[in-house]
Amino acid sequence: MAGLALTVRNSRFLLATLVILGIVGFLITSPSSVSQSLDKAQESFKGVSQSTHNTAGEFDAETKGSNDRVGADDTPKVDFGTSPQFADDSVKDLESAGVEQSPKAVDDGAPLKEAPKPEGSNSGSGSSNGGRKGSSKDTEYVVMIDAGSTGSRIHVYEFDTCYSPPKLLKETFEMLKPGLSSFDTDVTGAALSLDPLLKIALDTVPASSRGCTPVAVKATAGLRLLGEEKSKAILEGVRSHLEDNYPFAVVSGDGVSIMSGDDEGVYAWITANYLLGNIGSSEKFPTAAVFDLGGGSTQIVFEPEFKNGEKMVEGEHKYDISFGNRDFELYQFSHLGYGLMAGRNKINSLIVQTAIKNGDMSADQETAILESPCIPPGLEAKNVEVKLESGEKYSITFKGSETPVGAQCRFLAEAILKKDAECTTAPCSFNGVHQPSLVRTFRESSDLYVFSYFYDRTNPLGMPSSFTLEELRDLAKVVCNGESTWTSALGAIDGSLKELAEEPQWCLDLSFQVALLHTGYDIPLHRELRTAKKIANNELGWCLGASLPLLDKNGWQCRVKEVNP
């Protein structure tokens with residue numbers, strides 16, 4: 001047994017000795033092999049680093065406005081992912097390291113220097129010719145709320161940013177009434193009124209993307225007319241509500257604000273021409289003029305072409321932008337107080353003032369029944385609130401005359417445009433505002449797009465997507481003539497008679513639109529107009545144009561700490 005034990009011990013000693021000798025031998029004979037392995041790893045790291053650097057350079061070239069295909073499908077896609085979700089302790093660690101915990105802001109910026117266009121030149125947003133950066137899809141979202149005078153609308157845009165420029169995939173749209181301005185001093189009620197719209201945004205944007213999705217609220221003419229103190233309080237309440245209760249990245253600065261009429265018009269021009277494929281390409285296509293008719297204001301934007309060395313007169317109407325490697329010098333103007341509802345009030349105010357002057361009602365009389373040439377025979381518009389410029393308010397029932405007098409309504413509509421106002425810089429459109437002549441500076445072959453209330457008042461009555469201004473005038477005559485002509489002229493249009501019966505001020509609306517376009521903007525009666533609610537299944541208006549800059553993440557960060565609504 002002792003011999004066996006010794007043999008075992010010797011065996012163990014021999015085995016240990018061999019192991020030690022093997023390690024020593026490896027260290028003596030293999031240093032070059034280890035060094036070579038490290039060298040190979042370093043070379044591999046350098047290769048990865050160089051590849052990443054080159055890819056970033058290619059992406060930067062794309063961003064700088066090229067529509068050319070870069071990297072093609074074999075270019076590695078740099079995926080920065082979504083914002084990580086941290087526990088509270090991790091957030092504290094970030095704070096101690098100087099990282100902002102919950103950056104709720106997105107840098108809003110001016111109208112975009114460069115922005116996407118529909119894929120393919122002059123073909124609308126559904127085309128897919130553009131330069132795709134990779135084979136996968138990288139989806140980003142933008143949430144834009146239009147706080148208009150008659151209601152609030154939400155637009156949730158979904159883009160594929162693997163395209164250069166990014167491709168608009170889908171728009172989710174919904175609206176509700178009333179608008180923020182109707183809440184007057186009820187700041188909390190105004191903020192809470194947006195919750196149904198924001199629920200749509202939550203349902204549309206995946207949870208993993210919400211912290212990196214910018215949201216902006218832009219109010220227009222209705223809130224402007226409410227006054228600075230009241231409108232400021234409402235907007236501050238809306239911003240606080242968004243930051244405290246929703247996970248989206250709230251746009252900083254002017255992100256929750258009253259948008260200037262200038263920007264409103266230019267963004268609408270960008271939206272229309274982006275969707276039409278007129279801008280965003282290195283090729284030069286004629287651009288469309290846009291006429292937007294809201295409730296409180298109307299905007300005109302077009303790209304005039306001057307001849308014989310003429311130039312656009314300097315002033316607030318001149319708007320220079322760069323878009324897709326092209327510079328544009330635009331004429332734009334927002335006529336506050338000449339939206340459809342504001343126009344209605346101006347016309348009705350003239351009727352009330354005339355009645356007071358003629359003794360048909362007293363100035364201190366709060367209610368009255370008055371005859372209006374803008375109401376078709378046999379109809380009444382009951383309890384219409386009329387607010388005079390002096391501040392007095394009246395509740396008036398307007399009734400139609402026994403016989404049609406639509407020409408008198410058109411006279412009133414032209415009167416409120418103040419064509420005889422002093423024009424310090426000719427030529428002028430209306431109310432003393434300078435405007436280059438559309439006849440002289442805008443080619444007749446280019447499109448004139450009229451939308452918003454222009455569409456809402458013509459489409460239900462069977463007007464096609466393209467019609468002349470003279471045809472619009474003829475439609476106004478038919479509507480103002482009353483029910484006796486509706487059946488023969490419009491009876492075949494499904495639902496049109498019901499629409500007219502339920503809105504007795506339709507005659508007034510169409511008369512105002514004809515006067516605004518013809519007498520105001522000086523569009524010839526033979527000129528063809530195009531109208532639409534959507535192009536390529538996307539809403540017209542300023543919202544898309546205002547959302548495009550928010551795809552550029554320079555200056556804003558994703559929210560690190562989510563808010564659970």
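Glycine is treated like the rest: Cβ placed from N, Cα and C.
Feature annotations, reproduced from TrEMBL:
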- 45-137: region 'Disordered' (REGION)
- 61-77: compositional bias 'Basic and acidic residues' (COMPBIAS)
- 105-117: compositional bias 'Basic and acidic residues' (COMPBIAS)
- Glu264: active site, proton acceptor (ACT_SITE)
- Gly295, Gly296, Ser297, Thr298, Gln299: ATP binding site (BINDING)
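Mapped onto this structure are the features recorded in TrEMBL.
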residue	record	Cβ neighbours (10 Å)
Glu264	active site, proton acceptor	27
Gly295	ATP binding site	23
Gly296	ATP binding site	27
Ser297	ATP binding site	24
Thr298	ATP binding site	31
Gln299	ATP binding site	29
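Residues Gly295, Gly296, Ser297, Thr298, Gln299 make up the record's ATP site, and a Cβ search at 8 Å around their centroid adds Ser149, Thr220, Ala221, Gly261, Asp292, Leu293, Gly294, Ser334, His335, Leu336, Tyr338, Gly339, Leu340, Ala342 from the same chain. The separation of Glu264 (active site, proton acceptor) from Gln299 (ATP binding site), Cα to Cα, is 8 Å.
Cα to Cα, Gly296 (ATP binding site) and Glu264 (active site, proton acceptor) are separated by 12 Å.
Classification of Gln299 (ATP binding site) by DSSP places it within a strand. Straight-line distance linking the Cα atoms of the residue listed as 'active site, proton acceptor' and Thr298 (ATP binding site), rounded to a whole number, equals 10 Å. For the recorded site, the residue listed as 'active site, proton acceptor', the DSSP three-state label reads helix.
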